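Report on the following structure.
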Amino acid sequence: MVGTRGPIGRPTLSRRSKILIGIGVALLLILLIGPRLVAIITDWLWYSDLGYSGVMSTMVWTRVISFFVAALLVGGIVFAGVYAAYRGRPDFVPVSGPADPLERYRAVAGRKPWLTALIPAILLGLIGGLVAQASWATVQMFIHGESFGETDPQFGMDIGFYAFTLPFIRLILDLAFIAVGIAFVGNLLTHYIFGGIRLGGGGRRGVVSRTARIQLAVIVGIFILLKAVGYWLDRYDLLSSDRRGDIFTGGTYTDINVVMPSKLILMAIAIVCALAFFASIFLRDLRIPAMATVLMLLSALVIGVIWPAAMEQFSVKPSAASKEADYIERNIEATTSAYRVRSGKDVEYESNWTRDSANAAAVNGDVSTLSNIRVLDPAVVSRSFVQRQSLRNFYGFPSQLAVDRYMVADDGSQQKEMRDFIVAARELDPSRFNEGQQNWINKHTVYTHGNGFIAAPANTVDAPPKDAASSDSGGLPKFYVSDLDTISKPDYKSAPIQVKQPRIYFGELISNVDPDYAIVGSEDGEKSEYDQEGVRYTYSGDGGVELSNIGTRLLYAIKYGERNFVLSDAINSKSRILYNRDPRDRVSKVAPWLTTDSKTYPAVMADGSIKWIVDGYTTLKNYPYAQRMALADATTDSRAQNAGESGRTQADEDVSYVRNSVKATVDAYTGKVELYQFDESDPVLKTWMKAFPGTVKPRSELNKKQDLLDHLRYPEDLFKLQRELLTKYHVSNPSDFYQANNFWSVPNDPTADNSNLPQPPYYFTAANPDGSGKPSFQLTSVTTPLRRQNLAAYITAASDPADYGKLTVLTTPTDSQTVGPRQVQEAMKNAVARDITLVAGSVNVIYGNLLTLPVGKNGVLYVQPLYTESKAGDSAMPKVFRMLTYYKAPDGQVEIGAAPTIGEALMQSGIDPRLATEPQAERGDGDDEQAQTGQPKPTTPEQSDAPDDAAVTELRRAVDQMTQAEKSGDLAQIGEALKNLKEALAKYPQAGN
C-alpha cells in the first residue's frame, strides 16, 4: 500500500529567533538611519547658532511634504494597478500540473493579497518620494514664483512661467509617467500570475480575460494621454532648443515651423490613440488600439524625426542665414537681457578707440591711471607673503591673493586717495602643521585661529631692486601689517588700515583640515588656544554650537567619528564647536539656492572687524532664447590657483540667466553670515526671499553700510561670463552674427607657458572711462579679433558705489590694427632678453600679469612686472626685477621700457615718470620697522603739470639714441648718447613748471 504525502506546513520561528531577527533589523535601521539623523540634528544646531533655523526648517518640511505626496502618488497608482489585477483574477485558474512554476507565487500572494500589492507600492513610492524631495527647490519656486514682467516672443508667456511653473509641471508629469508605467507592468504580471493572461503553446491559444483587457487598456490609455500632455509641453521647451547650439540657443526656423506643428499633430494622434484604447473596453477588439499604437509610433518617426530632418537639410541649410535671421534676433535680445549686456542699457560702447594718436599732454596728465599702476601681481607675490609674513609654520596665505582698494593719505599729505592693495588674511593653515602638531588636541583645540590682516600697496615695492637673486635687495612688497603685535603699539593709531580684532577663526585655508572643526572656549578663564609666542587665548565670540552637555558631545562624536568629544577633558561646559569654516560654504548652506563666486576676499570694515565678502548669483537654466552657457568653461582661466586652495571652479552646469543679486559677508572672528539684497529688480531673488523670509536683508539695509559698499567688487565669474558673451553679442545684425563677422575672442594668457586658457581679468584703479578723469576701481579685460592676435576691444566693469556695474567697451577701428597682448609680450621679451640671459642661471624668471591701460584720450599703455625668484626651493620668494612698458607715442614710435622701477620704465616709453609711485631709494632698518608695525608711508611723488611735448620728444629721442649706442658697442657713441640723455633729463623736470 502506497501512502500519499500530506501538505508541507510552513516553517515556524521560535520566540528566541524572532527576538534575534528583531534586534538585527533594529540595528540595521540604526546603522542606516542613525548617521543621517545625527547629521540632521547637528545641522539644525548649526543653523540655529547662526540664526537661520528657518532656512533648514523650510527645506526639511518642503522635502518631507514633497516626499510623502510623491510617495503616495506613485505608490498609490502602483498599488491600484496591482491590487485591481488581483481583484479581477479569474475564479478558476487551470494549472499545467503539480510542477506549475506559477503555483507557488499564487500561493504566497493569495494568503495576503493586499500585502503583496502594498510591498512593491511602498518600495516604488519611496523611490518616487526620493526623486521628488530632491527637487524641493523646484517646488518652492513654483509656490512663490514672481512675474518677470517680460514675455517670450513666441507664445507671449511671462518668463516666470518658464522659470518657475514649467519645471514643476514637468516634475509632476515625470512622476506620473513613472507611476503609470510601473502600474502597467505590475498589473500585467499580476494578471499573468493569476491566470488573467495565459500564453499560448502546445496547441493552446493565448487567453486575455476581459478584466485584464479592460484594466490594461485603461492604463495604456492614461499613459498615452500623459504623452499627449508631454507633446504639448514640448512646444515650450523648443524655445531653449540646442538644434543650432554652436551658433545660438533657442527655437530655430525648423523648430518653430516644423517641430512645433509636429508636436500638435502628435498630440492629436496621441489623444486619438488613447481614445482607441478606451473604446476597446466596449468593442472587445484589440485591433483598433493596436493599429492606433502603430500609427502613433510611425507618426513619431515620420512627423517627429524625418520631417524636421528633411526640412533642415533641404530647405533651411541652403539659405540658413536668411531663414534663421528672425530667430537669431530673438536670441540676441533674450541673451543680452538675461545676462545684462544690452547695448545702451547695460553696456556703453565707444568706437574707434586708438584711431587718433594719443595726446602727450593728456597721457602725461592722466594722474588717476599713472599713479595707480599696479606693479604687484596677486598671483605671483603670495610666496613673498608666505616668506615674509607667515611668522610661524602653521600660518599661511592663499596662493591667489586678492586686490582691493582703501582710502589712504600719501606721505606728507592730509588728503586721502584711493589706492589699490594686495590683501590677505594671515590664516591658520592646517596643511603646514609639522608632525608634532598633528595630534587631535593640537589640530582642534590649540591651533584654532589665524592672526592678522596683511596689505601691500599694489603700485610700489619696498625699494628699487638691486640684485636679482638676493631676497634683501628691494623689489618686494611693502607690507602694512595689522596683527596682535602691531595693533598693541602706540604708533598703530596712525596706521592707514585699522583692525581691532585680527584673529581669524573663519577663512579659506583654515577649513583645509579634515574634518573641519575647532573646539574653543573654556571654564574659569583657562586659556589653551595658541595666540602668540608664549601667549594663550580663549575665544570670546558668540559663534559656534555649545558643547555644554553630554548629549550634544555624543552627537558630534558620532558625526565626526571621534571619541574624544566624550572622553577628552579639553571639552567643558563652556566649549563651542566651530565648523563649516570656509566663508563660501557658510553662505552656500545659509542660501542653498545661491551659486557663489569662486573667489572671496577679506576686507576691513569701519568698526575694525575683518569680514569675508562673498558674491552670490541667482541663475536659471531655461530662459527662453537666451544663450546657454557652460558655467565652468566660461569662468576657467589660466590661473591654476582658480582650482586651488584660494578658489574653486564653478559647477559643471549650464545656465541661461545670471544675476549678482546677493552680497554676503562672513565675520572672520564670529562666523556670522549676513546676506544683502543687491539687485532689487531680480524676480528670481524676490522668489527666494518669499520662500525664505528674513534670510536676505533688503537693499535699504545694505545702503546703510557705506564701509561695505566701499569694498564691493564687480565679481570675477560674472565678468568672465559676460566677457565671453560680448565676444559675440556686440554684433547686433543677425546676418553678421550667423556668419561670425567681427566676432572676437578672449586671448590666451601670454604670460603662461604653453597655456591655451584665457587671460584672466584684472582688478586695478585707473581713470574712469566716462572721461571725468576720476579714479575708479575696475575689473578689466581685452579681446582680440577671432583667430587673430591684434587688439579688438577693452572691456571694463566699474566697482565704485556711484557707478557700480557699468560696463564700458572701447573698440578699436576695424580698418587698422592695434597690437594685442601676445604681440606685446613677445616684444617685451625681446627687450629684456639680455637682462634675462645674465640672471637666468641663478634665478627663475616669472612674467607677471600683463595689464592693458587706456591712458589719455586714445593712448594704450601695456605694463608688466618681471619677477625673479631664487632657485632655493621652499625659501624662495618672487621680487620685482624689471618693470616693462609698451607704448605707442603720438608720433607713431613704439617705445618699450624695461627698468627696475615703473617710473624709469615710463620715462623710457616717453611718459612723465613723476606721476608713478616710486619706491624709496634705500630700505633701511627704519623702513622695515614701519612695515612690521603697520605704518606704511606711500611715497607718491609730488604731482605737477605735464611737461610740454617738445621736452617729452627730446627725452624719448635721447633714450632711443642711448639704446642704439649700447647695441653698437661704440664707446664714442655711448659717450655722446649719455651726454644727450643727461641734458634731456635736466630739461625734463623744468618743462612742467
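Using the three backbone atoms N, Cα and C, a Cβ is placed for every residue, glycine included.
In TrEMBL, annotation is done automatically, which means it is predicted and not curated.
The structure displayed is predicted, hence computed values, not measured ones.
For 20-41 (among others), the entry in TrEMBL reads transmembrane segment. Here the transmembrane segment (20-41) has long-range neighbours at 13, 60, 555, 558-559, meaning same-chain residues at least 6 beyond its ends whose C-beta is under 8 angstroms from one of its own.
What TrEMBL records for 61-86 (among others) is transmembrane segment. Counting residues 6+ beyond its ends, the transmembrane segment (61-86) has Cβ neighbours under 8 Å at 109, 113-114, 116-118, 120-122, 124-133, 135-136, 139-140, 175-176, 178-180, 182-184, 186-188, 190-191, 194, 196, 212, 215, 219 in the same chain.
Counting same-chain residues at least six beyond the ends of the transmembrane segment (114-136), those with a Cβ under 8 angstroms from any Cβ of the stretch are 59, 62-64, 66-76, 78-79, 82-83, 86, 108, 171, 174-175, 178-179, 182, 186, 190. For 114-136 (among others), the entry in TrEMBL reads transmembrane segment.
Per TrEMBL, the feature transmembrane segment maps to 171-194 (among others). Among residues of the same chain six or more beyond the transmembrane segment (171-194), those with a C-beta under 8 A of the stretch's C-beta atoms are 70, 73-74, 77-78, 80-82, 84-86, 88-90, 93, 102, 105-106, 109, 117, 120, 124, 128, 131-132, 135, 138-139, 209, 211-212, 215-216, 219-220, 222-223, 226, 229-230, 233.
Per TrEMBL, transmembrane segment is recorded for 214-233 (among others).
For the transmembrane segment (264-283), the list of distant contacts is 213-214, 217-218, 220-222, 224-225, 227-228, 231-232, 235, 289, 291-293, 295-296, 299-300, 303-304: same-chain residues at least six beyond its ends, Cβ to Cβ under 8 Å. Look at TrEMBL and you will find 264-283 (among others) tagged as transmembrane segment.
What TrEMBL records for 290-310 (among others) is transmembrane segment.
The feature region 'Disordered' is assigned by TrEMBL to 917-952.
Annotation comment: TrEMBL describes 931-943 as compositional bias 'Polar residues'.
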Inset, instruction - Quickly jot the same-chain residues contacting the transmembrane segment (290-310) by Cβ under 8 Å, restricted to those at least six beyond its ends, or write none. - result: 224, 254-255, 258-259, 262-263, 265-266, 269-270, 272-273, 276-277
